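Accompanying notes for the structure given below.
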Amino acid sequence: MAAAAGDVRGAALGARPGLGAAAAAAAAAEARFISSAKGKGLFATRSIRKGEAVFVEKPVVSSQFLWNALYNYRACDHCLRALETAEENAQRLLGRSSLVLPHPEQCSIRKDLHQQCPRCQVTYCSAECRQAALEQYHQVLCLGPSRDDPTHPLNKLQEAWRNMHYPPETSSIMLMARMVATVKQAKDKDWWIKAFSQFCSKTANEEEEIAHKLLGDKFKGQLELLRLLFTEALYDEQLSRWFTPEGFRSLFALVGTNGQGIGTSSLSQWVHACDALDLPMLQREELDAFIDQLYKDIEKESGEFLNCEGSGLYMLQSCCNHSCIPNAETSFPDNNFLLYLTALEDIEAGEEICISYLDCCQRERSRHSRNKILRENYLFTCSCPKCLAQADDPDVTSDEEEEAEGETDDAELEDEMTDV
């Protein structure tokens, strides 16, 4: 979601921990202020070819989803790199410990590099990630021997969040906790506060009379409970505004509208590596058939929840506005939190670079349905070429969508936050 004002290009490309986009980003794209209503946008500074990586970016802060971690989707506590081998990953998703994957040498997981925090035993994929976490936020958030103590303030906060926010998950209270911890540990606290302030944090779009779906009257009690637990666990005088009722709502809106989903999978990495193998035709057909059947079996056992999942705040990516016909997309091909923004078509210098905030299925729904999702989650009504072309369509969903929405609207809200 594009922020409201200011220039983040220098900050996003700077040397501060977690803020380094690839140097190529400086040449390929830059953030520009568009209007007070739309905020910033990302624009090409040169011609970009289809399939080209516009930039690669680390998040300012990121965190694995709490239910995802609880269900043993093992990921690095800092960069979210999947920690299971591809075979272990497939065995768990299938519920079949006897499964053996062919071509095990194509698995890129290096267990010999994994390290744990000596105090709380959270696991990292490398010494570099353990050190990066320690230097940025983990000194504040390390639970030490209290990791399994349900009365510890941080554990109470996480349990309350899990009881309000069931899968499919879209954010985590720990993303907010890591923001606070980052500022508390920082030598230059004002710099980090300013960096976080670059993200859009409005709780409502007054011009269009839209409020974020998780900040309505229905959820006032849950938000106040979270705020009190958040304050007990993390209060800091220099960040006192974040702990007030309105400040907490703004912080909540910030991670809700700017948080970029992150997905990693050692199995997916193994599949991509196998796809690149130069094999005789018969062996290629056998391997492809094995992989196809493997995914069918996993879908029956585990459904759609295949990846280690979390979310992060990305300075440059957050400047990308939405389009229902995007010219770029985000992905995580390195099996960690490094975000690649890749062109879906040729983009000319001066052209705005847009991604879609909707998934593929949502983009195929009616204009009314698409904008319902965008208003509730991102506080705007889309005016992309596709939406303008469908402007005269009835402001109702199709019969099929109407029936589905009637059955799922309340359930979706309950999935997001349930009464406690």
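Every residue, even glycine, has its Cβ placed from backbone N, Cα and C.
Averaged across the domain 'SET' (29-358), the predicted model reaches a pLDDT of 93. The domain 'SET' annotation in Swiss-Prot covers 29-358 and rests on sequence analysis.
Outside the zinc finger (104-142) by six or more residues, the chain places 17-18, 61, 74, 76-79, 81-87, 154, 177-178, 180-182, 184-185, 234, 266, 269-270, 273-274, 277, 335-336 with a CB less than 8 A from a CB of the stretch. The zinc finger annotation in Swiss-Prot covers 104-142.
Around Tyr357 (S-adenosyl-L-methionine binding site), a 10 Å sphere centred on its CB holds 23 further CB atoms from the protein chains shown. According to Swiss-Prot, the feature S-adenosyl-L-methionine binding site maps to Tyr357, an assignment based on sequence analysis.
The region 'Disordered' annotation in Swiss-Prot covers 392-420.
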- Could you give me the DSSP helix, strand and coil counts for the zinc finger (104-142)? 21 helix, 4 strand, 14 coil
